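> Below is the structure I would like to discuss, written out as structure tokens.
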Amino acid sequence: MTEISSMVISHKKAKVEEMESAWHGDLDGLLRNLYKHEYVYECVVLKTCNRVEIYVVSPKSSSVLFSFAKEMGASTHIIDFYGHDESLEHLLRLAGGLESMIVGEDQILGQIKDLYAYSKKAGTTGKILETAFEKAIQVGKRIRNETRINKGSVSIGSAAVDLAEDIFGGLTGKNVLVIGAGEIGVLVAKALAEKDIEAIYIANRTYKKAEEIAYELGGHAVRLDDIRDYLPGADVVISGTGAPHYILTREIVEEAIKCRERKLLLIDIANPRDIEESVVELENVELCNIDNLRVISERTLRMRKEEAKKAEAIIQEEIRLLNLQYKRQKADRLISELYKQVYDVRLRERQKAVNRLSSYHTIGDIETEVLDDLTRSIVNKILGEPTKVLRQAAELGNEEFLDVVSRVFCLDKEKVRFEKIKQAKFDQIKPGCTKEQAEVKEEYAVKD
């Protein structure tokens, strides 16, 4: 049976710059590059500021994933390669927030939904990955409903605000500039709105979106081109855009601090980074990035240890159900192919009988219907008991028995079946993307 395999590059092993360099194309390019491979039958890509993950269904998963890792130029010491069972457990843990830098954060579940939907619209998913991802999304919701794992600092955005509070000893009376009004920027702004700060300024490439968020949270909208005018008055700048270049260069920051003596804290939560690293050499400027949020992550992990145990128990329960679902799917596929094979014989033999009878006398609709009902009933009665046995064998995990049945009846010609499905989908994939895909691409942009 062809199963799921995955390769994962995440904050656990990779530094910010290593994740940045993991892939330089767009999501369309990466998906098409994966899917055109002869031995990739299904694929999904998850790309966020903290991870690049590739899930494939392939009979030669190891060689396929190693070749993609080589193509991406990623060092194997920062990559985790997972087989089927490990991939399923990792995906469910990811959706539940257990693999996040901030354990229990909610943002990752939305990202999985969006990026899975993107791959599905692109036509690169099939029954195997769809089953896994739909289960993961369901489990992510269940964990958040049945535990308190998402209470407290539950996102990169709120962790950035907590980090700023730690550094300043509180944000009372501070002016904060948020650059970027995507999902992370909104989370930052919402976390800031709960603090006793002097003012929130929200800058974005699309000014209308900045206005909407500023209006909702009682802040001030800023055009992205005007941020130079607001930097001198800011105490904290938190930047998380999808830009392919630096938003704040050393030159811009140096100009902003000329006429001030107080500290300027810059927190860069973008991938690729928004702020040029050399700003740390400037006096009264402190730069933090995603790596610094590990401090907050460790603190949150201690707070949520008991809730994480409950989440782990849910995941193990759901893994068992998911594996049972896959076993049933295999049995159902064999049963479907067996019925199709026998029904093809039924139709041929029924037609032969009709032709023979027609040679003696005229056959009416009633006679044809009787022959049709008779042959169908015979097939269903003969296959009824084997169908039950196949389903029971699948639920008991008797793979050997299923394989024997498959070989005896020449069923489940997997490679041919997958290739036909894949070709039909690939023929439908057109250049460009839908409006919904374009929105996902902008939110999880992978820069050139």
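A Cβ is built for glycine as well, from the same backbone N, Cα and C atoms used for every other residue.
So Swiss-Prot says this about it:
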{"type": "ACT_SITE", "residues": "C49", "note": "active site, nucleophile"}
{"type": "BINDING", "residues": "T48, C49, N50, R51, S100, E105, D106, Q107, Q111", "note": "substrate binding site"}
{"type": "BINDING", "residues": "G180, A181, G182, E183, I184, G185", "note": "NADP(+) binding site"}
{"type": "SITE", "residues": "H90", "note": "site 'Important for activity'"}
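Give me the local environment of each listed feature.
The Cβ of C49 (active site, nucleophile) has 22 other Cβ atoms within 10 Å, all protein chains considered. Secondary structure from DSSP puts C49 (active site, nucleophile) in coil.
Every protein chain shown contributes to the tally, and the Cβ of T48 (substrate binding site) ends up with 23 other Cβ atoms within 10 Å.
In three-state terms derived from DSSP, G180 (NADP(+) binding site) belongs to neither a helical nor a strand segment and is classed as coil.
Classification of H90 (site 'Important for activity') by DSSP places it within a helix. Taking Cβ-Cβ distances under 8 Å and a sequence separation of 6 or more, the neighbours of H90 (site 'Important for activity') in its chain are S6, V8, D80, Y82, E99.
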> Using C-alpha positions only, work out which of the binding-site residues G180, A181, E183, I184, G185 is nearest to N50 (substrate binding site).
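That would be I184, the closest of G180, A181, E183, I184, G185 to N50 (substrate binding site).
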> Just to be sure I understand the packing, how many Cβ atoms besides its own are within 10 Å of the Cβ of G182 (NADP(+) binding site)?
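Other Cβ atoms within 10 Å of G182 (NADP(+) binding site): 19.
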> Around the recorded NADP(+) site, report the further residues of that chain (criterion: Cβ within 8 Å of the mean position of the Cβ atoms of G180, A181, G182, E183, I184, G185; site residues excluded), sequence-ordered.
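Same chain, not in G180, A181, G182, E183, I184, G185, Cβ within 8 Å: V186, L187, V188, N204, G240, T241.
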> Within 10 Å of the Cβ of E183 (NADP(+) binding site), how many other Cβ atoms can you find? Include all protein chains, please.
19
> Measure between the Cα atoms of every pair in T48, C49, N50, R51, S100, E105, D106, Q107, Q111, the residues the record assigns to substrate, and report the largest value in Å, rounded to a whole number.
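Pairwise Cα check on T48, C49, N50, R51, S100, E105, D106, Q107, Q111 gives a maximum of 15 Å.
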> For Q111 (substrate binding site), what is the secondary structure by DSSP, using just helix, strand and coil?
helix
> Across all protein chains in the structure, which of the binding-site residues S100, Q111 has the highest Cβ count within 10 Å?
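Answer returned by the neighbour count: S100.
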